[in-house]
Amino acid sequence: MILIANSEAWPGFARTVAALKAGTYGIDAMIEGIAEVEREPKVRSVGYGGWPNMIGEMECDAGVMDGTTREVGCVGAVPSTIPVAALAREVMRRLPHVMLTGAGARRFADECGFARDDALFPDSKRVWWERLEQELSPEERAKFPDIPLAPLNHTITDPERVRDTTVFLARDAAGGTHAVTSTSGWAWKYPGRLGDSPIPGAGFYADSRYGAAACTHTGEMTMRAGTARSIVLGLRMGLSLIEAVDLAVADVRDLTAGFIGALVIHAIDIHGNHRVVALNCHEPIRYWLWHPALAAPEHREAEHLTA
Ligand code: ASP
């Protein structure tokens, strides 16, 4: 068994460890922990503590992948819903589809009995408006949100403000290697924008025969490079975990045009190895690690790579 998750996982990591120790199916164990992260207002990038889009609406994203069956469930830009990882699991369980977005995802949440949450944390609302207000003329303020948002999207959008998402990767007692993600996405994003957290192959991927990977920070880069899938494919082709992550990093570094920002890649293989690398990050990046040989989860520093 092994569990890794990014630093934002602190409210729920121990709960997932306890569930894995009890032999719980890895996806259920990770969703139990992520539900704690999604409810915690001190986590400023996931669920209730996260950031709204440009017009002040919360739109959360999540993904789950069962590495044994390679079944996937994802939800994107879901309004009024905090436990979006659990909703993604319901997509995987109950539908022939892989991904639901927006109003359709919320409709499905109603069918599954999910409460309609007041998802906008008052402090996030205050910060969102204070920052936006600085960019608006009095005329724009009067008409807001019926103004062109794209110009603001270039000036106001600050990906560094969204420090993370939460990503969990586990190999459970049954040997299943799985991935789960949840995020409120990029602060002040254009309404409807999806990052990589609900995109299988980009923000997460799992295959119980080889390993799993998941990313945080600039989803626009991992979607272009197919980062999580590249790592697992590298393992399948016989690369070590170190080499597979290096391969994915090389593809990301090769991106020059378009939006380039910070990126953190988390990966495990089925032999008990893990690797977490931070690219273009200006502050220390940490992650959580647990496996049965550790008495308690460890909060470790990622490898920092320069561009
Ligand atoms: N990767 C997430 C996204 O692109 C955001 C983050 O992890 O900071 O939405």
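Residue numbering: from 1, along the chain as shown.
The backbone N, Cα and C atoms fix where each Cβ goes, glycine too.
Pulled from TrEMBL:
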type	residues	note
ACT_SITE	T165	active site, nucleophile
BINDING	R193, L194, G195, D196, T216, H217, T218, G219	substrate binding site
- When neighbour density is defined as the number of other C-beta atoms within 10 angstroms of a residue's C-beta, which of the recorded positions T165, T216, T218 has the lowest density? T218
- Query: Under a threshold of 6 Å between Cβ and any atom of ligand 1, which of the binding-site residues R193, L194, G219 are retained?
  - Reply: G219
- Message: Distance check, please: Cα of T218 (substrate binding site) against Cα of the residue listed as 'active site, nucleophile', rounded to an integer number of angstrom.
- Response: 10
- Under 8 Å by Cβ from L194 (substrate binding site), counting only residues of that chain that are 6 or more apart: D61, G76, A77, T101, G185, G219
- Query: Under a three-state reduction of DSSP output, how is G219 (substrate binding site) classified: helix, strand, or coil?
  - Reply: helix
- Message: So the record assigns R193, L194, G195, D196, T216, H217, T218, G219 to substrate. If I measure every Cα pair among those residues, what is the longest distance in angstrom, as a whole number?
- Response: 16
- CB neighbours of R193 (substrate binding site) within 10 A? 19
- At the Cα level, what's the spacing in Å between T165 (active site, nucleophile) and H217 (substrate binding site), rounded? 7
- Note on the structure: Same chain, |i - j| six or more, Cβ under 8 Å of D196 (substrate binding site); the result in sequence order is A202, G203, F204, C215, G219, E220, T222, M223, T227
